[in-house]
Amino acid sequence: MALSILAFLFCALFLTPTTAFDPCASSESKPDTSDLSVLHVYGKCSPFTPPQASSSWANTIINMASKDPERLTYLSSLVATPKPISVPIGSGQQILNIGNYVVRAKIGTPGQLMFMVLDTSNDAAWVPCSECTGCSSTTFAPNISSTYGPLDCSMPECTQVRGLSCPTTGSVSCLFNMSYGGDSSFTATLSRDSLTLGTDVIPNFAFGCINSVSGKSIPPQGLLGLGRGSMSLLSQSGPLYSGVFSYCLPSFKSYYFSGSLRLGPVGQPKTIRTTPLLRNPHRPSLYYVNLTGVNVGRVKVPLDPALLAFDPNTGAGTVIDSGTVITRFVQPVYNAIRDEFQKQVKGPFSSLGAFDTCFAVTNEDIAPAITLRFSGMNLVLPMENSLIHSSSGSLACLAMAAAPNNVNSVLNVIANLQQQNLRILFDTVNSKLGIARELCN
């Protein structure tokens, strides 16, 4: 009998099949239908690889930050020119730049899986479609979806996108075009189909079905706009999400990068600090907030209030954005913050990519905390939200920079590195932005 028991235990311990741990298994959509996984576009659990495939994870982040000026140029262009919303579409192109996070979404019936870039500063969604010229190998096939249909030029949604002119007579599909990152562009047909997020289904969702691509900067599987405009996910989902969503972005130090996108009011933090969301009538999609000042350690940095003030006519002010890597301030504001930071940290200082204030990591313990002061709340950034490290680990750099010196460099942008391990809540109905500490990994 004893031998039988020992034999059984031997088999149970050594012969039972085992399954290897899959770190990306938890990045599938959560059982809660409103909580979706958010993946870094070049993280372990994403299907995409960085342009420099052999680069270290730290260098990948540094290289992405070097692309921020194009993103800032795009955001500045949005506030510089009012967007027509009630006239037939005209000629012209809209400039975009690549996002940093993707979410699993399904288009059509049955649903076809796409990893779509999240963008809080954009409204329209778009995906590459089959027979697209220049697109990636993963495309949406409209012909196998029973709920797909192109939108006619006469439909009101066609006035919400910029692009190709509609003919004065006859009935044709609504076409539009966009430029992306300064070196890429695409054309698309405005269409409708079912969008599935987790187990939520949004019928008749309007999006661009991409027909052709030029260049290599187009997000391979499309983009999902989380702005406040009429074409955004929030507007098209109506009462399903009640104009509320939040996201939590894990630490950039984690290659196994998976956060969460929470759609709708259910499950949002009950206790959270908030600041008013401001609206620019020329570009209502952007999430403006009132940044009133910045502290470096215990020092309130002396700043001209006019450099932070919200002005819808010029587009000046501060926005919170999911597609910019490091926070960018207009040049005089950044210079003042950097100079005070350097006063409190031992040099010498050097540059690394987009970062001009790098120092020996051995001095990191005396680096002061950065506090962003908003109307109604202060946000003290954890050190990992203020500093980024070189791939060798020998340097720490202040993870902020100046906005590019273009014709409309009046915009300050709170970027995603400064948002990591925070729950960022967007309540468009009550015009509030909430921030709460949360471990997002």
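Backbone N, Cα and C atoms are what each Cβ position is placed from, and that goes for glycine too.
TrEMBL lists 1-20 with the feature signal peptide. For 101-436, the entry in TrEMBL reads domain 'Peptidase A1'. Annotation source TrEMBL lists active site at Asp119, Asp321.
Taking a C-beta cut-off of under 8 Å and a sequence gap of six or more, Asp321 (active site) has these contacts in its own chain: Arg71, Leu75, Thr120, Ser121, Tyr287, Val413, Ile414, Ala415, Asn416. Its Cβ taken as reference, Asp119 (active site) is surrounded by 26 other Cβ atoms within 10 Å in the chains shown. Regional average pLDDT for the domain 'Peptidase A1' (101-436) in the model is 90.
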